[in-house]
Amino acid sequence: MAPIRMIDIAVNFTDGMFKGIYNGKQHHVSDIATVLSRAWNAGVDRIIVTGGSLEESKEALAIAETDGRLFCTVGVHPTRCKEFEESGDPKKHFQALLALAKEGIQKGKVVAIGECGLDYDRLHFCPPEVQKKYFEKQFELAYATKLPMFLHMRAAAEDFCEIMERNINKFTGGVSHSFTGSAEDRDKLLSFHNMYIGVNGCSLKMAENLDAVRGIPVERMMIETDSPYCEIKSTHAGINFVKSLWPSKKKEKYDKECLVKGRNEPCLVLQVLEVIAGCKGITDIDLFSATLYQNTCRVFFPHDLDAAADALLAGRNESQ
C-alpha cells in the first residue's frame, strides 16, 4: 500500500514562532527547515503558506520559493482589511495585490486568493462594514487571476454566504478554512457546489464540533493545521482518536529533534486526519487520505489531477 500522502492547506510560516520569536522574545533559532523535514517525513508532500496582508503575502511567496513543495496565497485577512484605507490609496493597494498574485502565478507558486472573508469575533481589529467591502473586492482578484479562494468565516455565516452568493460567478471554487461553525453553517457552505471545508484542531475541540465535522462529506473536505495555531490539545473531544505522537519540549529548552510545546506544525496534520477518521468511523485511512488529496488538487493544483487516480477513487468510493 502506498504511504499516506497529505497536503496541509494552511500553514502560517510568516508567524514569528517559526523564527523562534514568542511574544516579541527570541527563544530559539528560526527552524522552518527542521519543521519542513518533520512534515515531509510524516507524509505531507505539499503545503500552502497563508498570506493575510500585502506584506505577509510577499513574505509567503518568498518562503514558497525556497522549496518545490511549498505554495502560497495572496490576499488580506478580514481582521486586517483596514490596510486598504490606511495605505492612503485603496485602488493602488488592490493593484499591488493583483501584481503580486500574477507574479506568483508565473512562478508557479500562488494557488489561491486569500486569506479573505469575514470575522465577527474580532471586530476590534476591523469593523464589519470595512470587512464586507474588502471581502467583496477580493472576488475581483479571483476573477482577474482565475484563482480559487482561500476563505475565512468566523461568526459571520449569514453575511459571508450572502456575499458569496452575489459573487458566485467570479471564482472557480475554494475552501472555507479552519471551520468552527454549526451544522447549519456547514450546510450553508455545502450548498455552494464549488466550496470545500477545511478542518483543523480548532474544528475538533468539542463534541458539537465533531458532530458538525461528521456531516461534512469526505469529497467536500480538506485538512490543515493552521499552524502555529489550532493544535489538537489533550482536552479536545477527539483526542482519543490520535495515534501519531511526537516528543515535545518547552521553547525555553528548544531541541530540534522535538516539537515546541504549544506550537502546532504541519507534521501534525496527520493527527487531524486520524481524529476525523475516528469520529466519522472511517477504517480505510489510505482511501480517506487519497480522497482528501484529490479534493485539494482539484481546487488548488488542477494541473496535477491524476485522472486515473480519480477514476479509481470514484470506483472505490461507490463500492463502499
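Even glycines carry a Cβ here, placed using N, Cα and C.
Caution: TrEMBL annotation is automatic and unverified by curators.
Listed in TrEMBL for this protein:
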- Glu115, Asp226: divalent metal cation 1 binding site (BINDING)
- His152, His177: divalent metal cation 2 binding site (BINDING)
Subject >> Glu115 (divalent metal cation 1 binding site) and His152 (divalent metal cation 2 binding site), distance between Cα atoms, whole Å >> reply: 6
Original post:
How many other Cβ atoms sit within 10 Å of the Cβ of His177 (divalent metal cation 2 binding site)?
Top reply: 27
**OP:** For Glu115 (divalent metal cation 1 binding site), write down the residues of its own chain that are at least 6 apart in sequence and whose Cβ falls under 8 Å from its Cβ; none is a fine answer.
**Re:** Ala10, Thr50, Gly51, Gly52, Thr73, Gly75, His77, Phe150, Leu151, His152, His177
